[in-house]
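Peer 1: Structure incoming, see below.
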Amino acid sequence: MVRIAVAGAAGRMGRNLVKAAHHNPAAKVAAGSERPESSLVGVDLGELCGECKFDVVVCDDLAKQIDQFDVIIDFTAPASTLNNLALCQQYGKSIVIGTTGFTEEQREQIDLVAQQVPVVMAPNYSVGVNLVFKLLEKAAKVMGDYCDIEIVEAHHRHKVDAPSGTAIGMGEAIAGAMGNKLSDVAVYAREGITGERTKDEIGFATIRAGDIVGEHTAMFADIGERVEITHKATDRMTFANGAVKAAVWLHEKPAGFYTMTDVLGLNDL
């Protein structure tokens, strides 16, 4: 059984991760952390997420419980995630990263640490979204040369980064299938007189409103027809269950950088 620590356990996503780990027969909730100033430090993790008492309380530093867990699941913020990554590097633990908003330099740091410890990192842990990534690769190879490609994403009002990591992942899947780097073809905002659309660009539009869990659409538009590939999430447990699945899969894997494509065995599609 894989012993799981959840970083940011008292947040919306953290509570779902605790619940998902509790209900996964191959996993055990072994630790959970929050910021030292949080009033929820010391609260039982089971009671925190509406389950039975686990006899495992929220701590203010996972280093204090380093012997209690095998894998950290981290959906917090870049600085916090990098601290937990360093902890994994120091003690030989594995980590599942769902945090988004990393800079290019921070991504390079993650890649470097992944040479020493097992890391799964994905912009989205839903099975459906990762299948969409594969579908987008295939669509881009067939239609990318002659269609205009746009990505539209919508999330709740509290999301702090834009575009979403999933939207960027969709763009990377499309650009990679066409032999491009997303950074060379992405257009993240349009305003005023922009001129005509260039042939290779991939446009992004962002919506932040209400309580939208996550909606993403990639559009391949030609004259007379368009293809839209859409994923809509209605419950954060979708992401939490996928992340716990990744943690179970990652346990005892050799050091390396893995994605949900590896976890789900989608490379053969």
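For all residues, glycine too, the Cβ spot is worked out from N, Cα and C.
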Peer 1: Would you identify which residue of E34, E37, E150 Swiss-Prot lists as part of the NAD(+) site it also attributes to G8, A9, A10, G11, R12, M13, G98, T99, T100, A122, P123, N124, Y125?
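Peer 2: The one candidate that Swiss-Prot places in that NAD(+) site: E34.
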Peer 1: Once the chains shown are all counted, how many other Cβ atoms turn up within 10 Å of the Cβ of T99 (NAD(+) binding site)?
Peer 2: 25
Peer 1: Can you tell which of the binding-site residues G8, A10, R12, R35 lies nearest to H156 ((S)-2,3,4,5-tetrahydrodipicolinate binding site) in space, using Cα positions?
Peer 2: R12
Peer 1: Rounded to a whole number, how many Å is the Cα of R35 (NADP(+) binding site) away from the Cα of H155 (active site, proton donor/acceptor)?
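Peer 2: R35 (NADP(+) binding site) to H155 (active site, proton donor/acceptor), Cα-Cα distance: 25 Å.
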Peer 1: Return the residues near G165 ((S)-2,3,4,5-tetrahydrodipicolinate binding site) by Cβ distance under 8 Å, restricted to its own chain and a separation of at least 6 in sequence.
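Peer 2: Looking at Cβ-Cβ distances below 8 Å from G165 ((S)-2,3,4,5-tetrahydrodipicolinate binding site), excluding near sequence neighbours, one finds T100, G101, P123, N124.
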Peer 1: Give me the count of other Cβ atoms within 10 A of the Cβ belonging to T166 ((S)-2,3,4,5-tetrahydrodipicolinate binding site).
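Peer 2: Excluding its own Cβ, T166 ((S)-2,3,4,5-tetrahydrodipicolinate binding site) sees 27 Cβ atoms within 10 Å.
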Peer 1: How many other Cβ atoms are found within 10 Å of the Cβ atom of E34 (NAD(+) binding site), counting all protein chains shown?
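Peer 2: Here the count is 24.
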